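Quick one: the structure is below, and I'll ask about it shortly.
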Amino acid sequence: MHTPFIVALDFPSKQEVERFLRPFAGTPLFVKVGMELYYQEGPAIVAFLKEQGHAVFLDLKLHDIPNTVKQAMKGLARVGADLVNVHAAGGRRMMEAAIEGLDAGTPSGRMRPRCIAVTQLTSTDERMLHEELWISRPLAETVAHYAALAKESGLDGVVCSANEAAFIKERCGASFLAVTPGIRFADDAAHDQVRVVTPRKARALGSDYIVVGRSLTRAADPLGAYARLQHEWNGGERESTTPT
């Protein structure tokens, strides 16, 4: 998992994935397969992407009783994803069970997929946290607590807003991964996410990986948008024209 850019393949079919990836032929990407695509195409979509040379984040956000999550992770470990995730709200025992399942299911000679925990969705704000979820603690405090719990449970990192990456690193250590969705170019619409930042700011705030979806997948020129992503991540202010 070398590139810090995770491209969210939020498509309903393999055909649309192939169409989007065509301009990137020969360029290994780090891609995210979420519920929409995985539930339509199943494990075969991960196998296809791996055959094309891409790293895969299988974003299914497991949240169930510990034994169910353990058995599910045993199966997912054989699918071939490089990164998987759970909801930290499932608690310590569930997260520990996820690691147990991955350890048990990873084929001999293959590295165990890294496992990260979702702290709070980037569509969650303070009002929703308090009024709908009935969590009385401030959002930042809740995220920090979930991150610490994930680390104590043996996970490799968390999914969090870039705005939360710095204090998570401070609390959990520099090697604890901060994978941040809610990334938009400055001239993009935020859509249904409320805690959004630009690629440049995400790096400055301490993100290890950034998840980028509609800014790339709905771009008129995805290759050019990817080049812009690289350029902005590296501190540039003007759009580049070709990816490196």
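Including glycine, each Cβ sits where the backbone N, Cα and C put it.
Source: prediction; values computed, not measured.
Copying in the features that Swiss-Prot gives for the protein in this structure:
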- D10, K32, 59-68, T122, R184, Q193, 213-214: substrate binding site (BINDING)
- K61: active site, proton donor (ACT_SITE)
Count the other Cβ atoms sitting within 10 Å of the Cβ of H63 (substrate binding site), across every protein chain shown.
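Neighbour count, Cβ to Cβ under the 10 Å cut-off: 17.
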Going by DSSP, give the three-state secondary structure for G213 (substrate binding site).
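It is coil.
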